[in-house]
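**Q** From TrEMBL, for reference:
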ACT_SITE  H703  active site, proton donor
BINDING   R16, E17, L18, K19, K117, R524, C525, W570, E614  5-methyltetrahydropteroyltri-L-glutamate binding site
BINDING   I440, G441, S442, E493, D608  L-homocysteine binding site
BINDING   I440, G441, S442, E493, D608  L-methionine binding site
BINDING   H650, C652, E674, C735  Zn(2+) binding site
DOMAIN    5-318  domain 'Cobalamin-independent methionine synthase MetE N-terminal'
DOMAIN    435-757  domain 'Cobalamin-independent methionine synthase MetE C-terminal/archaeal'
Amino acid sequence: MTTLHNLGFPRIGARRELKQAVEAYWAGDLQQTELEHVGKSLRERHWALQADAGLDLVPVGDFAWYDQILEFSCLLGVVPNRFQQDNDQPVSLDTLFRMARGRAPSGTPAAACEMTKWFDTNYHYIVPELAADQTFRIARESLFEQVEDAKAQGHAPKPVIPGPLTYLYLSKGESFDGADDSNKLTLLDSLIPVYRQILQRFADQGVEWVQIDEPILVLDLPDSWQRSYLRVYDQLAAASDCQLLLATYFGGLENNLFTALELPVDGLHLDRVRGNDDLGQVVPRLGDKVLSLGYINGRNIWRTDLDAALDALIALRNELGDRLWLAPSCSLLHSPVDLDQEDKLYSELKSWLSFAKQKLQELALLGGALDGDSSVNAGLQAQRDALQARGLSNRIHNPVVGKRLAAAGEVSRDRHSPFAERIARQQQALQLPAFPTTTIGSFPQTREIRTARRDWKTGRLDDANYTQQMKQEIARCIRYQEEVELDVLVHGEAERNDMVEYFGELLDGFVFTRFGWVQSYGSRCVKPPIIFGDVQRPEAMTVAWAEYAQSLTDKPVKGMLTGPVTILQWSFVRDDQPRADTCRQIALALRDEVQDLEAAGIQVIQIDEPALREGLPLRKADWGQYLDWAVDCFRLATVGVADDTQIHTHMCYSEFNDIIEAIAALDADVITIETSRSNMELLDAFRDFQYPNDIGPGVYDIHSPNEPDVSWMVQLMEKAAERLPRERLWVNPDCGLKTRKWEETRGALANMVDAAKQLREAV
Ligand code: GLN
Ligand code: ZN
């Protein structure tokens, strides 16, 4: 019989119960015991669901109050001194929350730990902070308690923990320089004994299998790290009375494959959706290891082609027998929970989809088919029928889009003239002062705005009244920007709830779910749109708002669009064509919007691409290809305008060094970026590259409610001017203002304009 298991189940709950409970606890509206109860019942529900689906082992340790890496840091006692000085005390739940958010119902507030992206997903984890002399100990019991709970419910628990090398790689510390600093490896001597204790505890609890996650094996690892694997796993395996399953995901192992196969573990999991390692190389080197394969995509929402998986599996099954296991490709943390709740999706589309719960059913079908269990035949046939119907559905393919995409190769990717000529024409058209001031797009989103949007969506507010309210808001925003004397104005984005959702709702080829939430970080969940078919723009999306805003002022109003890569990156993307093709379809739709804005008299158009960097593949070797099509899509969307139309873009992150060439290749006339917290140091990349176009380095952090000081902003700009020509510089905040209050915004922007005025005098 094929062993079925799961690398992790989403913990948030089908109705985001965990989010609600945790937030109520933070707000003081829920007792800790009540919170504990919610967590326990969610875990029990999820285990039962997995066991009912036919899984042989259920994961324990995939549950987390905030983040699974933070849970493990607390288990290991990796708690910076500012949160807990007493090194023999257990780490409490409130200490965990203070590490995540800086404060909790009890305990002294302190600066929260850093959060960063989990590999190339949209999930974010809390970065462990290591002291140079970091010690480790078992400092929290909850994981062991959960193992007991799972046993008490009659399940076979498989604890899931991050492997020691992945844990260190994901950590940071003042004495370490970057993720792969080999100095971190010196901590292994003190870390491994604690891992051995943890494994011993599991063995004492009667655990048979432990899943150790080592996803860094899909990255380009320095030799020192790759070489450490054998030593580390020799030490772990020798001491362990449990069987160890080494789990990898998000890619293939490639040059790390033989390392992984040499390790004295009892099983290895490979991601067969994103990884393409040659199983012909794997099988002969397996020894008596279990091989667990993931053909069901844990990161997307489409039903699996089980026949294709079976084709690959049948021969393996003959070779490996019971040593062949099946699981989804990675933890289902990245999938929405349950498709059954979606009562508003039309049934045809629904039949093509699979969320976490359905993926487990697919897993059972696959396992049953492999075992020759005829009771799964009906299910397999239904799956086949759904996929076949999807392939033929006329909802997906739009011949007009197909033709246009096919001809897109002929469309020029260049502006009419080079930047130097364009900028001269733009200056003439726009008549901007030196150090022009602008904002990134959104203005504060008040409760009235949110209510109006919601009421309009539910039909409680009619179109006329809704438009009226939004226009009022735009007018207020324009008046306000004129008062503070900004140079390039925006309409304020009041009509947008989210920068991707807004466009997804107006484009063909997108659909939205009611409950398709996925955890982004902590209690924050996102509900990505699903791109199921060819993307087309039935009508203009932003022109009326921009035109109205422009009619109220003589100053230029900047049209505001979300870029093709960001829309792609923050959606569930169809899997029946390359991502690059889907991105080009979006780019073509945006191209029309850009041109319509221009035709309506909008002289400045911004296309936000905050997710450009996020899309970078995990392996450096794949970067070039990605950046080529990402840049191509941006250019496809933007270059169709006249020289005197100014194209802006915006990105809010702080690592440009390794992609500066691609950033320059976008050839945006102006780029605004987040720089204030880096003290302008990230402009070094632009200086070294001799970045030629205009640039607006953010002069204040919009995440803080504090009013930025004029002289501080002048100083920052002077630092920018040491790196880049003064005449290329703009003055703007780091990012959009939608999370700020109006009261905070007024002073901040007035000061920013004052700073620009001082800079102009110094010219
Ligand atoms: N134009 C968007 C805004 O101002 C940009 C948001 C972003 O960069 N994430 O809100
Ligand atoms: Zn931003």
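Just so you know, glycine gets a Cβ as well, placed from its N, Cα and C.
Keep in mind the model is a prediction, meaning the values are calculated, not measured.
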**Q** Go through the binding-site residues S442, E493, C652, E674 and tell me which ones have a CA within 10 A of the CA of C525 (5-methyltetrahydropteroyltri-L-glutamate binding site).
**A** none
**Q** Could you check which of the recorded positions (R16, G441, H703) sits closest to H650 (Zn(2+) binding site), going Cα to Cα?
**A** G441
**Q** Going by Cα-Cα distance, which of the recorded positions (L18, K117, E674, H703, C735) sits nearest to S442 (L-homocysteine binding site)?
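**A** Result for S442 (L-homocysteine binding site): the nearest of the recorded positions is C735.
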**Q** May I have the list of same-chain residues other than I440, G441, S442, E493, D608 whose Cβ is within 8 Å of the Cβ centroid of the recorded L-homocysteine site, in sequence order?
**A** T439, V490, M499, M560, Q606, H650, C735, G736, K738
**Q** Anything from the binding-site residues R16, I440, D608, E614, E674 with its Cβ under 6 A from ligand 1? List those in sequence order.
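**A** With ligand 1 as the reference and 6 Å as the Cβ limit, the list reads I440, D608.
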**Q** If I take the alpha carbons of I440 (L-homocysteine binding site) and R16 (5-methyltetrahydropteroyltri-L-glutamate binding site), what is the distance between them in whole Å?
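**A** Checking the Cα atoms of I440 (L-homocysteine binding site) and R16 (5-methyltetrahydropteroyltri-L-glutamate binding site) gives a distance of 31 Å.
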**Q** Have a look at the binding-site residues E493, D608, C652, E674, C735 and say which one has the shortest Cα distance to K117 (5-methyltetrahydropteroyltri-L-glutamate binding site).
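**A** Checked the binding-site residues E493, D608, C652, E674, C735; minimum Cα distance to K117 (5-methyltetrahydropteroyltri-L-glutamate binding site) goes to C652.
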**Q** Does DSSP give E614 (5-methyltetrahydropteroyltri-L-glutamate binding site) helix, strand or coil?
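**A** In the DSSP reduction, E614 (5-methyltetrahydropteroyltri-L-glutamate binding site) maps to helix.
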**Q** Rounded to a whole angstrom, what is the largest C-alpha distance between any two of the residues I440, G441, S442, E493, D608 that the record assigns to L-homocysteine?
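**A** Per the listed residues, the maximum Cα distance equals 13 Å.
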**Q** Does DSSP put K117 (5-methyltetrahydropteroyltri-L-glutamate binding site) in a helix, in a strand, or in coil?
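**A** Reduced to three states, the DSSP call for K117 (5-methyltetrahydropteroyltri-L-glutamate binding site) is strand.
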